[in-house]
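K.L.:
So TrEMBL has the following annotated:
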type	residues	note
BINDING	E113, D155, L157, D158, D280	Mg(2+) binding site
TRANSMEM	12-31	transmembrane segment
Amino acid sequence: MNLGASVRVNKCGVCVLMTLMVMVVFLYKYGNNTEFKREVVSLRSLLSAAIDAAERGGRVVYDVREAATLHEQSKGKTKEGANDPVTDGDIKSHLTMFFSLQKSFPAIKIISEEHSLSDVDVSSVSPAALIHPEVTAAIVEDQMVPAGDIRVWIDPLDATQEYTENLKEYVTTMVCVAVRGHPTIGVIHKPFSKSTAWAWVGKGVSPALRQTGNQGVIKNDIARIIVSRSHAGDVKTVATAAFGEKTEVIPAGGAGYKTLAVVEGKADAYVHSTAIKKWDLCAGNAVLFALHGNMTTLGGDHLDYGSQEEYKNEGGVLATLTNHSYYLQKLQVLGIKTPKAG
């Protein structure tokens, strides 16, 4: 045996061995890391898409109403005994909003008030736009979030009852982005005035929202409380007992409209005393948070938007721009902090 003979190294084999070693280290470090595996989403792009979806849904809602082709049906009665209608405006807006967002963000869970029929052709629905000029101008920094942490709540047509009555000012289309259950991005579009309010908590708000000036202070001992038209009498009793006989109770349709009324200074507080769906609230909740306002149940609890199954809020609603604790305390004195769904 020639002990002095040289050992030849197979360069190809070394490369394979090194590659395997790198893969082992990689898998050891990241193999069980679910954050690494999950797709991440640009919230700035998602905000732009949410605005686009709400405005496109709004155009559908507008066109159906103007053409008087509502084809109104009833989904039954609410627990308050009011009719719960659905129209072509609701369904067509849902298809436009839902699928435009889904095509742009297929990994995100989207929750809508309405449901899609399996045999509906949505090939004509284009993906929601990922760039919006207002967002580009107002939002400098982006935020990347795992898709699994995001829930998008859409209301294709808020205030359907008023829509059927041609009370157009109350109608909105809404999109909300919740991150780990927290309302983070809210878009409220008014189809008939063609105005859009949007907000991203901690990042920025739309130009229209920058002009808000409501201080939330009761003037001349008169509180202005905005409530649902469907059961204004019940809340009026609660409001006058809490804030005095001079309380001004403002009946209105649509949770989106009522929340914006608080933001715009038309009301001091939005009070709802019975069950309400979270797609009605999420966008307004995010807008209020972005403006340092608040929305809670009447028990003072913040709403969680992380679960599709838990889509109903039965704790009532208090929404304010300022002085939330004052209004909350006044209402809780009456012992209504955990109201029954009515």
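Yeah, the Cβs are placed from backbone N, Cα and C, and that goes for glycine too.
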K.L.:
My understanding is the cutoff is Cβ-Cβ under 8 Å with a sequence separation of 6 or more in the same chain; which residues meet that for D155 (Mg(2+) binding site)?
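P.N.:
The answer is S112, E113, T172, T173, M174, G256, W279, D280, A283.
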K.L.:
For E113, D158, D280, listed as binding-site residues, tell me which one has the smallest number of other Cβ atoms within 10 Å.
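P.N.:
Among the binding-site residues E113, D158, D280, the lowest count of other Cβ atoms within 10 Å belongs to E113.
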K.L.:
Excluding E113, D155, L157, D158, D280, please set out which residues of the same chain place their CB within 8 Å of the center of the CB atoms of the Mg(2+) site, keeping sequence order.
P.N.:
I154, P156, A159, T160, T172, T173, M174, G254, A255, G256, K277, W279
K.L.:
Within its own chain, what residues at least 6 apart in sequence put their Cβ under 8 Å from the Cβ of L157 (Mg(2+) binding site), listed in sequence order?
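P.N.:
Within the chain, L157 (Mg(2+) binding site) has Cβ neighbours under 8 Å at G57, V61, T87, G89, D90, S93, H94, E113, Y163, V171, T173.
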